[in-house]
C-alpha cells in the first residue's frame, strides 16, 4: 500500500510540473501590451447593441402595459396618454431628421463645416474629424421590389387614416390641441418612414454610432406600439359594432310585437333623444382616446387601419434588420435602373387564377345578399365553402410546383432575403394562431352544447393550416432555386404554376381583407375577451401573410426563370455550388 501511495504521489507531482511547464511556455508567447476590452471596437459594438436592444425591450413592454392598463385608459388620463404618444412620435421624427441630414444626405452638413473652416471659425483638424462620408447602401433592408412597393401602398393608405383623424379633430366637436399635434406627428412619422423604407432601407449605418443605433431601435419600439394599439382599437370598434347590431335586432323584434300606443311612445322618445344627444350618425360615439374615423367612415376606415397595421409590422422588421447589420459592409450588385419581366409561359396560370378570382367575388356578393336578407348563417357558410375550395386548389398547386421545379438548381442564400423570410414566418405564426383560435372556439361550443358554427369550420381551418405550412416551406425552398441549365432556361418548368399561385394569393389577400372587415368565418358573434384579443391581433397578420406570400412568389417568378439574371450568376459560380434538387 505504501508503494502504491508513493507511485500515485510521484505521478501527481510529475503531471503538475508538466502542466506548469506548459503554462509557462504558453504565457511566454502572450503579447504584453494587449488593449483593454473597453478599447476593442467589437466589444464596443456589442455593448452598444445590447444597450439599445434592452432599451427597445423595456420601452415596448411599457407601451403595451400603458395600452391595456385601466388607469391609463380612464378618461382622467386622456391628456397624459396623448403626451406619451407625442413623445414617442417626436423622438422618432427627430431621429429621422438626424438620419437624413447627417447620414443619408450629408452634403448640407459638410458644406456648413467647410464654410466655417473658410471663415476660420473651425480649424482643419476639427473639420476632418466631423466631416461625414457619403452613405453606403450595402445592407439588407427591404430587399425585394415588391416589399418596397407594399410599403408605399400601405404607407400611403396609413397616411390617409391619420389625415382623416386630423380633419375630424375640427369636425363638429373640436378636440384639444394636443390631439391635433399627436395625429400630425403620426402622419409625419408614417410618411418619413415610408420614404426611408422604399428608397434608403439598404443604408449601412456607421459603426459604433450611438444615435444611429438608438434611433433605429426606438423606431422598432414605436412601430410595435402602433401595431398593438391599432389592434386594440380595432377590437373595441368591432365589439361596439356587434353590440349595436344586436341592439338594432332587438329593437326590430320589439317593433314587430308592440301595440300602436307603444309605437307612438317609442317614436316620440327616439325623436327627443336624437335632438338632445350629439351621437354620431353610425349609432355610437367614440371617446377621446379612440379613432374617430372608425366611427365616421366605418368599413373604409377599418380597411385603412388594417393597412396601417401591416405597414407597422413591415417597418419594425426592416428596422431590426438594418440595426442588426450595422457596420457590416457586404458586396452587392449595382442598383438596377430598369426592371424587365419575362412573361413567357404565364397565360395559362393567369387565366386559371382569374376563374377563382371571379368565383371569389361572386361568393362575396352572395354573402352580402344573404346577410341583408337576415340569413347570416347561410352567408357565413358561403364564405366557408369558398375559402375551403380556394385552400384545396392552392394546396394542389403548391404540390404541383414542387414536382415541376424539382429539376431546377440550388443557389446559395441571396442578398436581401433575410427580411423576407422573417416576415414570412411572422405571417405564418399569425395564420396558425388565427386557425387554432377558430378550432378551439368550435370545440368549446361543442363541449358547452351552444349553437355555433358548423362542421365546415373544422374542414376549412385544417385545410388552411396545411396550405399555409406547405406553401411557406415551398417559398423558403423555391427562393433559392434557379434555372442554371440550358434546358431549364428553355422549358421554364413550374412557371405557370408559380404564376397561378401569385394571382391566387392576391385573391386570398383581397378575400381575407374583406373577411377581417365584414365577417370572420368560424368565429361566433359572442366570445370571451381572450378569444377576441387573439382574433384581433392575428387577423391583420393573416392579411399580411397573403400579401407577403404574393410578393415572395413574384420574386421567385422573377428570378428563378430570368435568362439574364441566371446567366450572369452561372458565369462565375463553380460546379460545387450547383446541386440538382
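Keep in mind that glycine also has a Cβ here, set from the backbone N, Cα and C atoms.
For 52-69 (among others), the entry in TrEMBL reads transmembrane segment.
What TrEMBL lists as transmembrane segment is 81-105 (among others).
Using a Cβ-Cβ cut-off under 8 Å and counting only residues 6 or more beyond its ends in the same chain, the transmembrane segment (145-171) has close neighbours at 179-180, 183-184, 186-187, 190-191, 193-194, 197-198, 201, 291-293, 296-297, 301, 303-305, 307-308, 310-311, 314-315, 339, 419-420, 423, 547-548, 550-552, 554-555. Annotated transmembrane segment per TrEMBL: 145-171 (among others), in sequence order.
Summarising the annotation, TrEMBL assigns transmembrane segment to 183-203 (among others). Residues 85-86, 89-90, 92-93, 96, 99, 103-104, 135-143, 148-149, 151-152, 155-156, 158-159, 162-163, 165-166, 169, 219, 222-223, 226, 308, 311, 314-315, 318, 322, 332, 416 of the same chain, all 6+ positions outside the transmembrane segment (183-203), place their C-beta atoms under 8 angstroms from a C-beta of that stretch.
Taken from TrEMBL, the feature transmembrane segment covers 215-237 (among others).
According to TrEMBL, the feature transmembrane segment maps to 297-322 (among others). A Cβ distance under 8 Å defines the sequence-distant neighbours of the transmembrane segment (297-322), meaning residues of its chain 6+ beyond its ends; these are 139-142, 147, 150-151, 153-155, 157-158, 160-161, 164, 190, 193-194, 197, 201, 203, 205, 216-217, 219-220, 223-224, 226-227, 230-231, 233-234, 237, 282, 291, 418-419, 422-423, 426, 513, 516-518, 540-541, 543-544, 547.
Same-chain residues lying 6 or more positions outside the transmembrane segment (343-370) and placing a CB less than 8 Å from one of its CB atoms are 376, 378-380, 382-383, 385-386, 389-390, 393, 492, 495-504, 507, 510-511, 514, 518-519, 561. Summarising the annotation, TrEMBL assigns transmembrane segment to 343-370 (among others).
A Cβ distance under 8 Å defines the sequence-distant neighbours of the transmembrane segment (382-402), meaning residues of its chain 6+ beyond its ends; these are 356, 359-360, 363, 366-367, 370, 454, 456-457, 459-460, 463-464, 466-467, 470-471, 474, 478, 494, 497-498, 500-501, 504-505, 507-508, 511, 515, 519, 521-522. Taken from TrEMBL, the feature transmembrane segment applies to 382-402 (among others).
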